[in-house]
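A.B. asks: Annotation source TrEMBL lists domain 'Major facilitator superfamily (MFS) profile' at 29-460. The transmembrane segment annotation in TrEMBL covers 84-106, 113-132, 138-160, 172-192, 204-224, 284-309, 321-343, 350-370, 385-405, 426-447.
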Amino acid sequence: MPAGVFSVPAQSGSGVEFDAKITPIVVTSCVMAATGGLMFGYDIGISGGVSSMDDFLRQFFPTVLRKKHENRGSNYCKYNDHGLQLFTSSLYLAGLASTFVASYTTRRLGRRATMLVAGVLFIVGVIFNGAARNLGTLILGRILLGCGVGFANQAVPLFLSEIAPTRIRGGLSILFQLNITFGILFASLVNYSTSKIHPWGWRLSLSLGGIPAVVLTLGALFVVDTPNSLIERGQLEEGKAVLKKVRGTNNVEPEFNEIVEASRVACKVKHPFRSLLHRHNRPLIATTVLLQMFQQLTGINAVMFYAPVLFATLGFKNDASLYSAAVTGAVNVLSTLVSIYTVDWVGRRMLLLDAGLQMFLSLAAMAVVMKIKVTDRSDNLGHDWAIMVVVIICNFVSSFAWSWGPLGWLIPSETFPLETRSAGQSVCVCVNFLSSFLFAQVTRAILLVQPFGGLFSAHP
């Protein structure tokens, strides 16, 4: 066995084992493609920090800046501005809309071409944002970033699940989620550093998002497309050659024949979205929709928002956002690494069940602490209670990171048959973006109503 290549007996859905090895080309392709997750994570993490920078607010949202420095009212309500909401939400809405176009390109042009389009769109969006002089240009840049993220979230999970050997598909596919967590952590650290650079630090924060986009774009120019995509588009000989290369063996006939048969069935499906509504596809589409909805209903976004306030009670003061981002971000990354090593061993269902119980207990414990210690006009938990809540938050983030976070992307990408795989992934991405947008708006509305807003009040 050559150095750097490990034998793995891959198994098909029919139970037939295929010869497969973990080849350098598989590892390199998966690592490169997963930078699409780094793009998404960086963009998620960067917007919150940038929108709190005075220089950024002075340029685009002077009213918010004035309210920010008024020492009264709810801290959260100071950022209640329609233009600022459009800045943050436009990415999700653009991603939601673009995923339907991305579904067509992944099927007709291939996974590789779709990743290339994603990288280019993201780079152009970064240029618009970094050079923005007015709100219109800024929003246009965010829309382009959202389109890039939509294309990447459509193509990358499919690429990873199809090119990886079946037995380790879960671990390699979770590289996408791992890069999302890396992106969030990196963005938080960048924001902390650039907030000290006046008056153009925010431009640097927004512009650095181009780094993972350039990596994805250059990588997409050199990696091979997946055998499934090539065969589905009628390139049988090239698909077979690529299959031999990525599997590290010439004995690919059984797997090749299975892909050809799946492709033959896929070619008969002229309307894949309509096919999703057929009786045999309904359990798959229901599972996909519910996974994405429950992923957001876990409350991960709300909990990550509370973290800076809770850390501030520990006495970190102006450095609270850095400490909270570093601690929760590090927990997020490390726990996702745990998922990579356990998902193919423990199984998807067990991870979801175990983490669901762990997250429920964490939220229940946090609710009890808030009920006992937090009043309408007091958010001072005290040192010991604050440490307890920080531990609870880290436990919650950890359980999400090795379960519902990565598996929400992994399970849909590997369960749909070839004929509806692109359409199914499109529904997955669409529901994710829609749920993120709707739940963010609901959370904002709740926080603007007393007594919830009192948790974030500024006191003289």
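Each residue, glycine too, has its Cβ placed from N, Cα and C.
Unlike curated records, TrEMBL annotations are generated automatically.
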A.B. asks: Between the transmembrane segment (204-224) and the stretches 138-160, 172-192, 321-343, 350-370, 385-405, work out which stretch tops the count of Cβ pairs under 8 Å.
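C.D. replies: Answer, by Cβ pair count: 172-192.
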A.B. asks: Go through the chain and flag residues at least 6 beyond the ends of the transmembrane segment (321-343) whose CB is under 8 A from any CB in it; none is fine as an answer.
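C.D. replies: For the transmembrane segment (321-343), the nonlocal Cβ contacts are 45, 49, 52, 170-171, 174-175, 177-178, 181-182, 184-185, 188-189, 191-192, 304, 307-308, 310-311, 314, 351, 390, 393-394, 397-403, 405-407, 410.
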A.B. asks: Take the domain 'Major facilitator superfamily (MFS) profile' (29-460) and average the pLDDT across it for me.
C.D. replies: 85
A.B. asks: Same chain, outside the transmembrane segment (84-106) by at least 6, Cβ under 8 Å from its Cβ: which residues?
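C.D. replies: The answer is 43, 47-48, 51, 60-61, 64, 113-114, 117-118, 135, 138-139, 142-147, 149-151, 153-155, 158, 229, 272-273, 422-423, 425-426, 429-430, 433-434, 436-437, 440-441, 444.
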A.B. asks: Same-chain Cβ contacts of the transmembrane segment (385-405) under 8 Å, 6 or more residues past its ends?
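C.D. replies: Contacts with the transmembrane segment (385-405): 177, 180-181, 291, 294-295, 298, 300, 303-304, 306-307, 310-311, 313-314, 327-328, 331-336, 338-339, 342, 351-352, 354-356, 358-359, 362-363, 365-366, 369, 373.
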A.B. asks: Where, among 138-160, 172-192, 426-447, do we find the most CB pairs under 8 A to the transmembrane segment (113-132)?
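C.D. replies: Ranking 138-160, 172-192, 426-447 by Cβ pairs under 8 Å to the transmembrane segment (113-132) puts 138-160 first.
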A.B. asks: Six or more residues beyond either end and a Cβ under 8 Å away: which residues meet both conditions relative to the transmembrane segment (350-370)?
C.D. replies: 298-299, 303, 339, 342-343, 381, 385, 388-389, 392-393, 395-396, 399-400, 402-404, 407, 455
